[in-house]
Amino acid sequence: AWYVPCLASLETLQELCRKENLRCKSIGITNRSLKSYEVEYLCDYKVEEGTEYYLVKWKGWPESSNTWEPQKNLKCPLALQNFLSDKNEYLSRVREGKALKVRNHVKALKPAVADYIVKKAKQRIALQRWKEELNRKKNHKAMILVENTVDLEGPPLDFYYINEYKPAPGINVINGITTGCECTDCPAEKCCPKEAGFILAYNKKKKLKIQPGLPIYECNSFCRCGPDCPNRIVQKGTPYSLCIFRTNNGRGWGVKTLQKIKTNSFVMEYVGEVITSEEAERRGQLYDNQGNTYLFDLDYDSDEFTVDAARYGNVSHFVNHSCDPNLQVFNVFIDNLDLRLPRIALFSTRTIKAGEELTFDYQMKGSIDLSSDSADGLSPSRKRIRTVCKCGAVCCRGYLN
């Protein structure tokens, strides 16, 4: 038998079961729970004969099953809080007054207000599900949060979270390395960086000590040193909790840190599909027509390969450009010593405060042909339509290319 992942949410499947009067124990629809009711969100409000009513969307039930319920019967303080917050947010934006009075002494919300409240509730649920999905798929301990207080945009529809490179057919990102260092104290002995002809990239505090442009050679899976080796930093994944948030100046999604990050600290890795440069040129023309692209040239040693994070990537997919960035790109080699296929790591260039947006310069050496939603970053080798930069830095160059 063939098995494919179901793209429908649990609630959608439950709605279908209830609509067709079906039982399915695996998704929680049994004889006992078939008629159970739990408030998912509140859709509308009215007052009739002095009694306040809310239109309730029941969790796991189709919208056709929505019912008006008196407020005194509702035991859902968070749903009520979200409803009132969304209503006040809408009214403050459009500068409208109180609820509209209609005939028969009935007070009701304007349809536009109720429509906004429902859309906001659906967005909140969708973003929560997306956050849970991201945290299920990540391979590091730090949390990923999602936040949109700007508009009604939900999760990207065609983006899949991955933790490492996804090679295109015919490309091998693991070159079969079979040896590692014999160190018992990596910084003091002839470790992997020295074997490659370079110095150890990190100091005793596990902070970067080399200059931009120099490669990082970390200990690999065949090295004798353990997981606490000070030369294993990038391979452990981001140590900081990050938030994907909606920017308020037309730059689409962005990423901010929820923790203080010290100078020269590893923040995240840039991953995506590894494709040939010829394929990147073909995709680049298609992306131009769509108004965005996420192509990152792996040009440490040659221009043979490119990383495309348009559909497959991690949190770095959402990091915006800045002409005065707080992140710097470095090439990293761990289990693959092929100079054409370095891993791309982003390190802090200065102390970054909690709540501050993370950015890097799309025109850095070894950098990128990339955008986050409305901002298109174009590498010098692929000059196309000039794109206005919206980074807001004092030293802004005005354009991304």
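Placed from the backbone N, Cα and C atoms, the Cβ positions cover glycine too.
Residues or ranges marked as domain 'Chromo' in TrEMBL: 37-95. Averaged across the domain 'Chromo' (37-95), pLDDT in this predicted model comes to 92.
The annotation domain 'Pre-SET' is assigned in TrEMBL to 179-237.
Residues or ranges marked as Zn(2+) 1 binding site in TrEMBL: CYS181, CYS183, CYS186, CYS191. CYS181 (Zn(2+) 1 binding site): 22 other CB atoms within 10 A of its CB, across all protein chains.
Taken from TrEMBL, the feature Zn(2+) 2 binding site applies to CYS181, CYS192, CYS219, CYS223.
Positions annotated as Zn(2+) 3 binding site by TrEMBL: CYS186, CYS219, CYS225, CYS229.
Annotated domain 'SET' per TrEMBL: 240-363, in sequence order.
Here TrEMBL flags ARG251, GLY252, TRP253, ASN320, HIS321, TYR362, LYS390 as S-adenosyl-L-methionine binding site.
Taken from TrEMBL, the feature Zn(2+) 4 binding site applies to CYS323, CYS389, CYS391, CYS396.
The domain 'Post-SET' feature in TrEMBL is assigned to 385-401.
Cα proximity to CYS229 (Zn(2+) 3 binding site) (within 10 Å) is found for the following binding-site residues from CYS181, CYS186, ARG251, TYR362: CYS186. Sequence-distant neighbours of CYS225 (Zn(2+) 3 binding site) (same chain, 6+ residues apart, CB-CB distance under 8 A): CYS181, CYS183, THR184, CYS186, CYS219, ASN231, ARG232.
As a summary of secondary structure, the domain 'SET' (240-363) carries 18 helix, 50 strand, 56 coil according to DSSP. Annotation for CYS391 (Zn(2+) 4 binding site): same-chain Cβ neighbours under 8 Å, separated by at least 6 residues, are ASN320, HIS321, SER322, CYS323, ASP324, THR359. Distances between the Cα of ARG251 (S-adenosyl-L-methionine binding site) and those of the binding-site residues CYS192, CYS223, CYS389, CYS396 are shortest for CYS389.
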